[in-house]
């Protein structure tokens, strides 16, 4: 259909003749039929074509034959509905054309489906938010849809203009369109609350008191909130009121927020949820990211940070699957590795009796030797950084009764602790306050000590395999030889069972939020437990776990990933939601004892092995200059 000035004017005239959905139309009707009752623009704005008395349109916006005739007789010959010409009009060059068979078929254009109507309304709402109101008018006119019900439009305008009595009267019209008439009381409460606050801000205390006593209180709804509101009468000035009520003050911002709350009680066929198209697009982007097995960067909730024209894809080459560095300074088996809490250092412990502390270059992510801590006669099988990264505690294997507390900043040994030569101090965990730690082993007790090694508390009769302090500062989790993890409270001296396995728990670690625990279970592999609900969430497949102590870890952005060493010389990585590994990293030649993921650099990981090396894993080198093949590799690929 050719577009020119005359056709546009005729289209507008046709829309006016067919214009529908004026005030009150649709009361008592099924709300699902309300969105496309009128052919005029019903976008809630002042449109000259939207004030008719109901019009002769079908529910999908197509002109009926009588309406089309009226439009043609009075409007210059062309009426538009869904973009279809409905009668004779000027052809190219001004030559009149007649309605052929194809023109007749256009008049009988199929009804818009519910999904199509919804899309048109979503687009209209978005365009309205951009201020393109004339475009919205034309879109609603041609489609025959309305953006929202006319009663909702009146209600919206009265709320935004602060005409509270009129807005309250509008609720009576909206009552018939609502699925839950009881919601009227809640909506009225929200309206009166805004009215009350605005009176108070304007200094109209008597009027505000009348609203509180004569309108809000008789509703007999949310009396606790009414007590809070009454307290605002004591505010000395407007700034004090806004601060105590956590309210933006009288104006567009607070009224828009109020309208968003009110809308939740209205069916979407009457009034669309606010910014609905943006919400759907954001959900789609987040869903694609959630399904992306290799996504390992911070989620930006802004749609401006992504392209809506392409699906979200992360390449495996952006993931820490590639050896970036091999650290060979240890001269025997490396039993443990752990990044500091700020990600700036890595500590590695070895059978060679040393701890090596490595510095992480913030730009290149390369590691260089910072200092070597010597003298651990039995070797170093466990390390723990203090919360502020100032201190590092080193423990030995089962027959070691000593513990070393090093000051990493100075390289000096602050404490060498041993309660008894009969002890076995093989595990340690810091209290969140950084002033205490707990330690123990398999000889039947564990202790709470200060930084000088002084004994604060002890718990007898527990053969400890691994320890962890929860963020509450009171509870210590300990795995023991009874294949369980129990919680011990040193303040009230209570303990309780949290996890029960059927096989020995060789080691465990806890997520940052304290909700999840990752267990390496003998002959079973890696298990994920929910500590709050005390249920087994997932068993991860692939890893070879016998009776060696292997340490796994959470890692990546938001701790979305899990990594573990294995007796088959590999490092396995899983997405937390998937039981199958997304990567199997090869390179070590003997058992991989420990894996640590850098908490500050999501693309950096370390692994320690009996082969005497520590491998540093990162994204593929020279990622930007690589050949394009495979660069946009699908995230579901699990090649190793």
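Heads up, the Cβ atoms here are built off N, Cα and C, so glycines get one too.
Since we're looking at a predicted model, the values are computed, not measured.
Features as listed in TrEMBL:
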type	residues	note
COMPBIAS	1-15	compositional bias 'Low complexity'
COMPBIAS	16-28	compositional bias 'Gly residues'
COMPBIAS	59-72	compositional bias 'Low complexity'
COMPBIAS	73-94	compositional bias 'Gly residues'
DOMAIN	148-207	domain 'CTLH'
REGION	1-110	region 'Disordered'
REPEAT	327-361	repeat 'WD'
REPEAT	373-404	repeat 'WD'
REPEAT	585-617	repeat 'WD'
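Helix, strand and coil residue tallies for the repeat 'WD' (327-361), in that order: 0 helix, 19 strand, 16 coil [DSSP]. For the repeat 'WD' (585-617), DSSP puts the residue distribution at 0 helix, 16 strand, 17 coil. On the 0 to 100 pLDDT scale, the model's mean across the repeat 'WD' (327-361) is 97. For the repeat 'WD' (373-404), the DSSP-based tally of helix, strand and coil residues reads 0 helix, 12 strand, 20 coil.
According to DSSP, the domain 'CTLH' (148-207) comprises 45 helix, 0 strand, 15 coil.
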